[in-house]
Amino acid sequence: MSAERLVNPHSDSDDQQVEKSLRPRTLSEFIGQEKVVEQLRIAIAAARGRNEALDHTLFYGPPGLGKTSLANVVANEMGAKIKITSGPAIERAGDLAAILTNLQPNDVLFIDEVHRLNRAVEEVLYPAMEDFALDLVVGKGPGARSLRLNLPRFTVIGATTRLALLTSPLRDRFVAVHRLVFYSDAAMTEIVSRSARILGVPISPEGAREIGRRARGTPRIANRILRRVRDYAQVVANGEITLAVAREALAQLEIDELGLDENDRRLLRAIIELFNGGPVGLNTLAAALAEEVDAIEDVYEPFLLQLGFLQRTPRGRVATRRAYEHLGLPFPERSLPLEDESGPQQGTLF
């Protein structure tokens, strides 16, 4: 999958630089995810009222929905410092120990991709989260002894796109677990308008709405598209993003009315044209598209499932009637129920 794909919800280096300037600082500035925000507001107010660290918190959901932003907001609301790291970055137990021993009372430790922590690191994290203690082994061989080092009370905020990959012991140590969902069109419009204001881009309400509704319910994608449409407006128009300018730019970027790009349409056409609409196994589909299995599961499928264009069945992926209609293809009337169909092209599910 190309790193330049606009509707890829995963972050890249350019996104990270811009996102810092666009990131909300308080819960009142955070747009969308109303249930999560309200629960956090109550939890933060209670923790501050008791002068305690916030309970360990886990955010999960598709990428680009604001898990890192919420972690920063929580730290700001708590008046605490935040240390940001990720599961793959903590390779050894000693790496985690070094981070933990530098935390101050009520600090926030944000671990992105927390499901990718290795087992040795998790073993160190368990007592740190539960007892606010660090168990160290001093020495080697018969003379080795265990030493427990007390830690200040702090908050671990974990973020993951793959909740099922978290081990049960780690998941159980998060007191609060919040699921982030795709944003509504109204919230996306508000996010685009806010980002344009911060970036100094003139935009009409209709232009903001057009970008927002094609951004797949994902703020990161909306902000990325906004920057590209801004460039188009600057060069082709008078610099203002109107409805007409937004539509012209999005057409040039090959992002359709529902936010699908050519890669999404290629996946749907592959299922329909190469595998008779499915079912087709994930590995088979990945091979046909020359894509990674993880890319299909993490990047393509969540939004296609949300739209109802794709179904996951025990025997593989299936394109729905909606997918056929969106691509302008006739939907075949099946003589047998889907679960009874067979064919040499179905592949394997895993």
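Here the Cβ of each residue, glycine as well, is placed from N, Cα and C on the backbone.
Residues Leu22, Arg23, Gly64, Lys67, Thr68, Ser69, Glu130, Asp131, Phe132, Tyr183, Arg220 are recorded by Swiss-Prot as ATP binders, and the candidate that the same record lists for that site, out of Arg173, Arg213, Arg228, Arg230, is Arg173. A mean pLDDT of 94 is what the model gives for the region 'Small ATPAse domain (RuvB-S)' (184-254). It is 42 Å from the Cα atom of Phe132 (ATP binding site) to that of Arg312 (DNA binding site). With respect to Cβ neighbours within 10 Å, the binding-site residues Arg312, Arg317 differ, and Arg312 shows the lowest count. Distance from the CA of Arg317 (DNA binding site) to the CA of Leu22 (ATP binding site) is 37 Å.
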